[in-house]
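Peer 1: Can you keep this structure in mind? I'll have questions shortly.
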Amino acid sequence: MGFSSSSSGLPGFYLVLLFLVGTSIVSADFYNEFDITWGNGRGKILNGDLLTLSLDNSSGSGFESRNEYMFGKIDMQLKLVAGNSAGTVTAYYLSSKGSNWDEIDFEFLGNLSGDPYILHTNVFSQGKGNREQQFYLWFDPTADFHTYSILWNPKSIVFSVDGTPIREFKNAESIGVPFPKDQPMRIHSSLWNADDWATRGGLVKTDWSKAPFTASYRNFKADACVVSSGKSSCGGSDNPAWLSEELDNTKQERLRWAQKNYMIYNYCSDSKRFPQGFPPECKSA
């Protein structure tokens with residue numbers, strides 16, 4: 001399935017005018033950008049520049065962006081649940097709607113005190129995921145805020161941590177792999193209990209005596225194409241550089257460093273899971 005595009009690199013449906021939610025936003029106002037969508041008061045926006053989600057034995061909490069995006073370079077700083085976070089999951093992701101949805105996932109799987117968090121990544125296209133890669137981090141993600149970024153353009157999806165790429169999912173439509181490029185997505189995040197699977201396959205349960213568990217967010221930035229009423233804010237002859245950005249040699253080296261030293265699971269290496277052969281995109285990775 002080919003990628004039909006105009007000379008600008010965007011599907012014609014989205015060519016309207018140029019408007020960037022851009023670098024002038026240093027620290028976006030959470031009141032303007034996001035809505036707390038569930039949790040009955042467990043999600044809070046503080047002074048517009050800090051958002052917190054909490055989890056106790058009654059409920060977790062979550063939020064979503066008011067804007068829908070069709071490609072973008074999106075940063076968020078997170079500080080994860082400290083201490084014994086076993087059984088908890090902090091999810092931060094882009095997702096569209098419907099049964100054939102697209103999704104780009106960061107999920108942070110909690111662990112016992114002193115054991116590392118697992119950063120779980122996945123990409124869904126047209127409702128199909130099963131493209132997991134997992135990583136340890138090279139720092140304590142509970143001690144301070146760190147920046148988790150998604151670059152999503154027609155060529156690839158790049159996951160980065162503090163500016164270091166950890167994963168690249170390339171557009172492989174030329175070999176029949178669907179790529180997220182037709183469905184606008186909102187930013188979502190949630191903190192929830194998943195002790196049936198999150199920590200050591202569900203062997204370690206959530207210790208509710210440590211509740212409430214809290215994750216914090218700040219410094220949201222979006223250089224992105226905003227979609228409203230079916231029209232994208234990007235198009236014309238003056239598209240932003242990130243819309244065609246690819247990893248340069250330095251970032252490719254950093255990607256190899258992260259994957260060599262911190263990747264702990266890659267679906268493209270799991271021969272037991274794919275006895276009939278790896279998914280086609282694994283060959284082009």
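Residue numbering: from 1, along the chain as shown.
Quick reminder: no glycine exception, Cβ is built from N, Cα and C everywhere.
The active site, nucleophile annotation in TrEMBL covers GLU103. The active site, proton donor annotation in TrEMBL covers GLU107. Among the features that TrEMBL reports, domain 'GH16' is placed at 5-217. Here TrEMBL flags ASN111 as N-linked glycosylation site. The annotation signal peptide is assigned in TrEMBL to 1-28.
Describe the structural surroundings of these features, if you would.
Peer 2: Packing around GLU103 (active site, nucleophile) is summarised by its Cβ count: 18 other Cβ atoms lie within 10 angstroms of its Cβ, all protein chains included.
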Peer 1: Fill in the CA-CA distance, ASN111 (N-linked glycosylation site) to GLU103 (active site, nucleophile), as an integer in Å.
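Peer 2: With the alpha carbons as reference points, the distance is 25 Å.
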Peer 1: Check each residue in the chain of GLU107 (active site, proton donor) that is at least six apart in sequence and keep those whose C-beta is under 8 Å from its C-beta; list them in sequence order.
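Peer 2: Expected: VAL89, THR90, ALA91, TYR92, TYR93, LEU119, HIS120, THR121, ASN122.
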